[in-house]
């Protein structure tokens, strides 16, 4: 494995080899740059330049995508092994108190250009340009000796057409050193921690406050004893006591105080009420109703006798058919006008005949 060969991942598809060369420009001499489908390899001349590229470009945005920069490991990159060994071979940039303030910077000077110039005096660990104040920058060195060397040798150095001024920062020794994540370059702000990471690591909430509370609760009511004792008590005693005491006490007043007096006191009163109420009318068991029901029914008449004499089929209808017709004759004679004298003898003769006929019918009846 070469310490000067770097792997670059998550490269946008529209990026070209010239774009990669311009992106890493200012970090020493680039010997080779190979661009493939979504990743590539960059080889520099000096191992220190390779280390700076890893520290400064890891997670940096390139043409709309955050790239991954790691030391190359053959044809395949092994990120797990890199994380274990990168701390020793490629330590992250550290913030020190050996800081110089650079003034009169050109607008075209970047932090990469400033860092390349400061390497002439020593090993810069952190550089920044135009971040807080336009036209000013900051440089930190790993040792105080490198800082003193840069202050004496590079003060007045011309960078992109302007001579810069270097002076020591008096407040650098009193400021606390910020913690910089290893994934990002030193001049970038630290990444925000996620609540999920604190939750997985077991923060104060879970370890100190919440879990002891659960342990205390479980210490009073273990899971096994709760199932063995409480549930058994509920099944054996608790449930039986509830049924025997609560529900039986609830039903006992109805059985002892309400229902029993109802059978002994209320029903006799109800009988007395009925007897007093029935005084005004005969009861079902009085003598009048017994005599009425014991009386023999009236004799049944024959249907033939009850029929009308004019009803066809009756005995009276067949016995005197002529009598009924003759009885209607005088009625018809009364409706007629008065007869003449020649007809009166005949009418008297008929009357005699009718009288004899009526007498005969009466005798037969």
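Placement of Cβ uses the backbone N, Cα and C atoms for every residue, glycine included.
Predicted, not measured: the structure shown is a model, and the values here were computed from it.
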Of the residues 186, 246, 333, 350, give the one that Swiss-Prot describes as phosphoserine. 186
Among the residues 283, 294, 340, which does Swiss-Prot list with the feature phosphoserine? 294
The domain 'RRM 1' (6-69), counted residue by residue under DSSP: helix, strand, coil: 18 helix, 22 strand, 24 coil
Counts of helix, strand and coil residues, the domain 'RRM 2' (100-166), according to DSSP: 18 helix, 22 strand, 27 coil
